[in-house]
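Participant: Take a look at this one; I'll ask things after.
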Amino acid sequence: MYASREDIGYDFGDDSKVRSKPIKPNPNIDGGWAWMIVLSSFLVHILIMGSQMALGILNMEWLEEFNQSRGLTAWVSSLSMGITLIVGPFIGLFISMCGCRTTAIIGGILNALGWILSAYAANVHYLFLTFGVTAGIGSGMVYLPAVVMVGQYFQKRRALAQGLSTTGTGFGAFLMTALLKHLCAEFGWRNAMFIQGAISLNLCVCGALMRPLSPKDLHEKYVVRSDSEENRAKALSHSTETIKSNGVPGEETEKKEEAANEEVLGSVQHIEIGGKSGSGRSMYGLRLFKTVSQLTVTVRKGFALWYSSYFGAASLFTNRVFVAFVIWALFAYSSFVIPFIHLPEIVKQYNLSRQDNVFPLTSIIAIVHIFGKVILGIISDLPCISTWNVFLMANFTLVTCILTLPLMQTYIGLAVVCAVIGFSSGYFSLMPVVTEDLVGTKHLANAYGIIICANGISALFGPPFAGWIYDITQKYDFSFYIAGLLYMVGIIFLLIQPCIQKKQPREKSTEEEQV
């Protein structure tokens with residue numbers, strides 16, 4: 001889950017005047033319209049993440065239709081999944097300029113367009129562009145605002161709100177698997193994609209529900225937070241006075257730029273008023289120049305905010321544990337995605353389609369995944385339990401299941417392993433907590449954005465790699481074995497780095513004692 005810039009900032013301005021007045025809490029924060037935002041985010045997770053987890057159904061149809069290799073065909077699904085997560089940091093630029101609501105509505109249109117155009121595909125390469133790239137970018141433009149808006153509207157109940165909204169992934173995977181299977185059987189895969197495109201237009205409705213908080217509402221949210229952290233505010237009071245007395249160079253530069261921009265716009269307005277007697281063509285040119293100037297100012301401000309948010313996080317990579325966490329993310333997510341894409345075909349090869357039609361294995365993963373998120377979250381909140389240990393145990397369980405899956409050739413055996421995969425993959429709900437423990441609240445948004453981007457790269461290359469291994473060996477067994485071993489390498493990195501960091505201070509202390 002993402003955290004917005006507003007979630008991790010503090011207002012260091014003079015709040016003595018504000019505190020002298022009684023502040024009425026905004027009813028839309030932690031209540032009121034905030035629950036509509038949760039509903040909107042829940043539906044986004046169903047329509048985007050749920051649909052992507054059900055792409056194994058379409059992958060089988062594409063294999064039969066285009067008669068291409070499994071490695072090449074799997075790129076369609078992996079492009080859509082990977083691009084959705086990889087573009088997250090770049091979608092932040094659109095959010096900075098246009099806001100979450102506009103970004104989500106445009107993304108909903110792009111996503112629906114990608115599904116509809118894919119219905120007319122003549123070959124797999126056409127699907128790369130329409131479904132992989134177009135629908136993938138559209139999904140990313142809706143997914144990030146859906147997560148960010150929940151963080152903006154909730155303060156005390158943020159964990160509950162994010163937990164409720166992200167359960168849409170499990171529900172969506174269950175519902176969309178059944179829906180796509182039914183549509184493909186009744187109308188064919190082309191009409192199924194066309195209908196799914198029409199359904200995806202509801203993402204625009206979800207985006208329209210993302211009503212932005214006014215600056216006054218955001219200010220009240222900050223004041224409530226600063227009141228609850230009064231001790232921290234007192235500790236920072238000295239630095240606040242220093243900032244007031246000395247000034248902040250960045251703010252002065254911003255003010256100078258704003259003044260220059262206002263001067264340009266003002267001069268345009270003056271010429272516009274003074275030149276009313278001029279020709280209509282010159283007036284049209286002046287208005288066009290004014291619009292372009294205003295757009296340029298908005299783009300420059302948005303780009304500056306986006307650049308400072310993400311590229312200002314380079315210092316995160318000096319943290320060895322965080323680097324190990326990124327390496328883990330590059331290997332981990334593919335092991336979760338590969339079963340969703342290739343399980344339907346594995347079931348067909350084992351002649352288990354009859355049992356799978358009654359209750360698909362991917363639906364078992366999806367349903368148990370919901371309970372896994374909730375139960376692992378409750379366990380990690382216990383005072384005697386370490387979140388890091390729960391996170392590692394869930395990873396070990398998941399990698400064991402990935403390595404065990406090829407050994408199961410009966411429906412019951414596969415169903416049990418899939419259920420454990422669904423439960424252990426509930427550690428996704430712990431990722432923001434673990435990330436915050438590693439880098440702190442200040443860098444949470446940037447660090448988690450990097451982790452999600454690494455997961456996107458993993459999802460991008462995982463399914464095609466599994467398909468390529470099948471094309472060589474004519475078995476999926478080695479695909480799961482190699483993915484599991486790479487996943488294990490990532491877990492080993494997580495185990496080694498904390499030990500190295502604990503040893504380093506001790507070595508320094510012994511050297512100091514010798515001196």
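For all residues, glycine too, the Cβ spot is worked out from N, Cα and C.
Any TrEMBL annotation is an automated prediction that lacks curation.
These came from TrEMBL, pasted as-is:
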- 33-55: transmembrane segment (TRANSMEM)
- 37-502: domain 'Major facilitator superfamily (MFS) profile' (DOMAIN)
- 75-95: transmembrane segment (TRANSMEM)
- 102-120: transmembrane segment (TRANSMEM)
- 126-148: transmembrane segment (TRANSMEM)
- 229-255: region 'Disordered' (REGION)
- 321-341: transmembrane segment (TRANSMEM)
- 361-379: transmembrane segment (TRANSMEM)
- 386-405: transmembrane segment (TRANSMEM)
- 411-434: transmembrane segment (TRANSMEM)
- 446-466: transmembrane segment (TRANSMEM)
- 478-496: transmembrane segment (TRANSMEM)
Participant: Under a criterion of three or more Cβ pairs within a distance under 8 Å and sequence separation of at least 6, are the transmembrane segment (411-434) and the transmembrane segment (33-55) in contact?
Facilitator: no
Participant: Quick check: do the transmembrane segment (446-466) and the transmembrane segment (321-341) share at least 3 Cβ pairs under 8 Å, counting only pairs 6+ apart in sequence?
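Facilitator: Checked: the transmembrane segment (446-466) vs the transmembrane segment (321-341), in contact.
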Participant: State the non-local partners of the transmembrane segment (321-341) in its own chain: residues 6+ outside its ends, Cβ under 8 Å from one of its Cβ atoms.
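Facilitator: For the transmembrane segment (321-341), the nonlocal Cβ contacts are 53-56, 59, 74, 77-78, 81, 173, 361-362, 365, 395, 398-399, 402, 405, 418, 421, 425, 434-435, 438-439, 447, 450-451, 454-459, 461-463, 465-466, 479-480, 483-484, 486-487, 489-491, 493-494, 496-498, 501.
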Participant: Below 8 angstroms Cβ to Cβ, which residues of this chain, lying six or more residues outside the transmembrane segment (33-55), approach it?
Facilitator: 76-77, 80-81, 84, 104, 111, 139, 142-143, 146-147, 149-150, 153-154, 161, 164-177, 179-180, 196, 199-200, 202-203, 206-207, 209-211, 340-341, 362, 366
Participant: Do you know the mean pLDDT across the domain 'Major facilitator superfamily (MFS) profile' (37-502)?
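Facilitator: The average pLDDT of the model in the domain 'Major facilitator superfamily (MFS) profile' (37-502) works out to 79.
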